[in-house]
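The transmembrane segment annotation in TrEMBL covers C:22-49, C:96-118, C:130-152, C:173-191, C:203-224, C:253-276, C:296-317, C:337-356.
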Amino acid sequence: MFNEELLTALPGIQSTSSFEDGGEWLTVYTTDWLHLAKKLRKHPDLLFDYLFCLTCVDWKTHLTMVYHLSSTVHRHNIVVKSKLDRDNPEIESVSHIWKTAEFHEREVFELFGVNFLHHPDLRNLILPEDWERYPLRKDYEDPVNMIKL
Amino acid sequence: MLEEIRTTEQDDLVINVGPQHPSTHGVLHLVITLNGETIKKVEPHLGYVHRSIEKMCESLTYRQFILTTSRMDYLSAHINNHCCVLCVEKGLQLDVPPRAQVIRILMDELTRIASHVLWWGAFAMDLGAITPFFHAFREREVINDIMEETCGTRLTMNYMMPGGVMYDLHPNFQKRVHEFIKLFKSKLPEYHELVTNNVIFQERTKGVGMLSYEDAISYGCSGPAARGSGVSSDIRKLYPYEIYNQLQFEECLEYGCDSFARYQVRMNEMMQSLSIVEQLIDNIPEGDIQAKTKAVIKLPKGEFYSRVESARGEFGVYIVSEGGTTPYRIKFRSPGFSNLSALDQMARGQKIGDLVAMMGSLDLVIPDIDR
Amino acid sequence: MWSFSKIAGIIDNWLNQTFSPAIALTIEMVLVGVLVIGLFALLGLVLVIMERKVSAYMQIRLGPNRVGPKGMLQSLADTLKLMVKEGLTPKGADKFLFNLAPFVAMIGAMLVMAPIAFARNFQMWDLNIGVLYITAISSLSVIAILIAGWASNNKYSLLGAMRSGAQIVSYELSAGLSILAIVVLTGSLQLSDIINAQANGWWIFKGHIPVVVAFVIFLVTVTAETNRAPFDLAEAESELTAGFHTEYSGMKFALFFLAEYINVFIVCAIGATLFLGGWMPLHIGSWQGFNHVMDYIPSSLWFFGKTFFLIFVIMWFRWTFPRLRIDQLLNLEWKYLLPISMFNLLLITIMAIMGWHF
């Protein structure tokens, strides 16, 4: 199965990651994202060159970055997740590995407040530049514009 | 770091294209740094129609949230809805009756044609030819009428629902679609005559907005924007949903990497969509149009991702469920957002007049980008 | 039968009998001025409605159809609206130049009207260097555009004006060369001579293929000179919003708008005069009977018929073609049109010297 393939392709990955085979795709939880990302992109058996979805989920206790990757060569998919501290969320930017991440990371930055280290141009993309809080976090309140159902 | 990026040389001319500009098709705001007529940098500023649909969906039920997606990519509302219902059905592990599946595909493909036809007119208008726009609307109107009969609306259809479709087809549907197929087949050569074979049009689009194979992948481009660079990215072929794997159609690939290649992909796609409609229109199976679902849908705890091929590219819905009646978090992967990120790469070093040719060939729909 | 020249003659006689020659001349000049302005207003209205109807026909729509019979008064209503609108001057604009520009555009267009022959013996000023005068004055229009673009204090306007400057200056060369072709054949710069030389056939028929080539080049270049699609880079709606007149509103905008249509009329009138014989009816060599029948159609009808046919062709261009890019536009001129028209002029000169034309 794909799980084993990944393990044989990337020895030493277990120390920082854990796997979950449920659902349709393999999910990897990682703490060393940049290292893993480079390997996923470069390894000839993996070649995950297509980042089609990048987002973040607020779990109230922590944030989780979710990366959906696929390979245009081997046509396999993988989901990589990384747990972040909610008070001071920081993660390495992957915009130099997948260029599309530049925009997606800017979006996550302004909506969740995740700080992407080494991002070339990290500033608000959608919200006005002086916007302060992070709208997609669960504790966001806006008495004017939000309607509670 | 910010300062460094924003400072420009003294001779540079910084102009704002948009948010009110005839060729940004909505409220896209591009800050362009020019050297004479040559583009040095394009910086999109988004958010003028940002309604935070993702946040809104967190307080809507699984039946309600589908309706908001019609308002994102309003030109392929059916396809957006389709992706959402697929995701919910995946969570419920629901089997959709074959009739509903066929109806969905028919609607998807008609929407795709309508969207591409409108794009064709708008693209020609961006390049300064206004007449094709009106000719495009003539054909689009026919599809809109067909949609109106069955769905009740012309733009935001809200026709799909978890488990099937909302109503059965209108009795006139098949007759009307047959008429449309006949009409469209007679009009498509006109399109090529008026625009495709025009020397000025080819001059304006060939070699403009080059997006290499590697860049198209790296920028996460999908749909015609990627296929124009030779990247095979048709979700209908790669990860078939509904009964697409039983249908005969081809993925349209072009290898020109320029605006003209993307143009041709869309023109060919219209023919492919038409052939799908032709294959299905006389073979709509009888039976239910809905599977039985509970009145209140509760998705099991977990994460679900579904992807479809919308008119602009890969549309994805990522639902994180906590087991309740509303999604815990929803992410819409909109094709326009990723495609737009490639604009800067395409535009550098080109003339400002070409910017509209590039934007047009990406087929940007701003509410789809902003969400 | 009444004709324009007869009416003009009667008025001239009456004025000279009633007043002293100096006063008569003054009154005539005032009359001509009023008539020209009247003609301008009328042409503006007619051409705008014509453009809208032509485009509507090509775009399978109806066009204006509410004001007046079949919408014929629509442009009158539009003019009224533009007149009562506030003419804004943007902050930071050079106020004097900003307000001057539309008038320069109008005056430039008006001046070219002088030597045009509208009908047999009906001409304001038959000066002996008519063609030279036309080419000289028609290049004034670029000044208006440059002033407007510069004074608006708007980047779009400036870009549009710069484009227009490059475009008009380069396209004038080919336009001039194609006009020269006719001058070479006629041997005169005077418009009346040129028209009379076409009494036995229009130049486009008499001059073989080289004149047809010159005519095509003329049509292309004047389309560019009047800033109309596919060469409307100065305005380039989808790129520069409205180019050089982005900041103009109300009547000032209307003057630019009017000047564009007047320019279209004028270049088409010149094209009709040079290549299609102006007011000269369709004559074929020595077919006396046929020529006589043709003479029964009034000369003014011939002139306006030909002019409006050319205007229709130019409108047809506009509603069919996409716009060129600035570098392609200049390539077209400097790499193709200019060499072709130079070579063509050489051919025509040889033809004229050897007397090969009819």
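For all residues, glycine too, the Cβ spot is worked out from N, Cα and C.
Curation plays no part in TrEMBL annotations; they are all automatic predictions.
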Feature contact check the transmembrane segment (C:96-118) with the transmembrane segment (C:203-224), CB under 8 Å, 3 or more pairs: no
Residues from the same chain, set at least six apart from the ends of the transmembrane segment (C:337-356), whose C-beta lies under 8 A from its own: 171, 173-174, 177-178, 180-181, 184-185, 187, 207-208, 210-211, 213-214, 217, 220-221
Residues of the parent chain within Cβ reach of the transmembrane segment (C:22-49), under 8 Å, 6 or more residues beyond its termini: 11-12, 15-16, 64, 71-72, 74-76, 78-79, 109-110, 113, 124, 257-258, 261-262, 264-265, 311
Cβ contacts under 8 Å made by the transmembrane segment (C:96-118) with residues that lie 6+ beyond its boundaries: 4, 36, 39-40, 89-90, 124-127, 130, 133-134, 137-138, 140-141, 143-145, 147-148, 150-152, 191-192, 195, 247-248, 252-253, 255-256, 258-259, 262-263, 266, 269-270, 273, 278-279, 300, 303-304
